[in-house]
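Scroll down for the structure; my scribbles are underneath it.
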Amino acid sequence: MGKAIDIALFLHLLAVAIWVGGMVFASFCLRPALEDLSPQLRLPLVASVFGRFFNWVAGSVLVILGTGGFLLVKFGGGQASWPMHAMAGIGVVMMLIFGHIRFAVFPRIQRAVQAQKWPDGARAVGTMRQLVIINIVLGVVTVGMAVLGRGF
Ligand code: HEM
């Protein structure tokens, strides 16, 4: 493998680790730990934590798109194996779901916190939680497909 491909793969996997690892931490460690807090404490914290995390995800998405596109071209473009195309397809779906969370659901949480409308905020957090779980499942399937689909 050429050096450029090695470096692209390294950055690709680093970005995937940050995105998927962050979602696992948020869903399975942070969320249960915040469950007993009152909405007045929990929702501003959620808004602040995810405002920061989503910047990391946005950076990761750009890196995954750039390196993934580069790798796809290097691995034959249209002639690349079907698991690679499946990875790209599911990857794009994950990015669209992230875009929906970041630009539709998250602003609802921020507005609810500002207006101190706690039930509205809690509802939006519930939606965000479900969408993040879907992206975790898609992320795990994608990693599995990328690795187990080698050699096709
Ligand atoms: C636009 C989206 C994406 C494109 C175009 C893309 C493309 C590629 C390509 C061409 C490779 C090299 C395959 C190989 O070395 O055999 C690769 C590797 C990999 N990608 Fe992606 N990818 C995308 C998104 C994702 C996402 C969202 C994930 C996980 C959540 C992911 C996980 C992986 C993994 C784990 C590998 C390493 C596979 C291995 O070398 O064994 N990719 N990607």
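Positions of Cβ are set from backbone N, Cα and C atoms, glycine also.
If you look up TrEMBL, you'll see 49-147 marked as domain 'Copper resistance protein D'.
Residues or ranges marked as transmembrane segment by TrEMBL: 7-33 (among others).
Proximity of distant same-chain residues to the transmembrane segment (53-73), defined by a Cβ-Cβ separation under 8 Å and at least 6 residues beyond the stretch ends, is recorded for 4-5, 8-9, 11-12, 14-16, 18-19, 22, 26, 80, 84, 87-88, 91, 95, 98, 101-102, 106. Look at TrEMBL and you will find 53-73 (among others) tagged as transmembrane segment.
For the transmembrane segment (85-107), same-chain residues at least 6 beyond its ends with a Cβ under 8 Å from one of its own Cβ atoms are 47, 50-51, 54, 57-58, 61, 64-65, 68, 72, 124, 127-128, 131-132, 134-135, 138-139, 141-142, 145-146, 149. Among the features that TrEMBL reports, transmembrane segment is placed at 85-107 (among others).
The transmembrane segment annotation in TrEMBL covers 127-148 (among others).
DSSP places the residues of the domain 'Copper resistance protein D' (49-147) in helix, strand and coil in these numbers: 93 helix, 0 strand, 6 coil.
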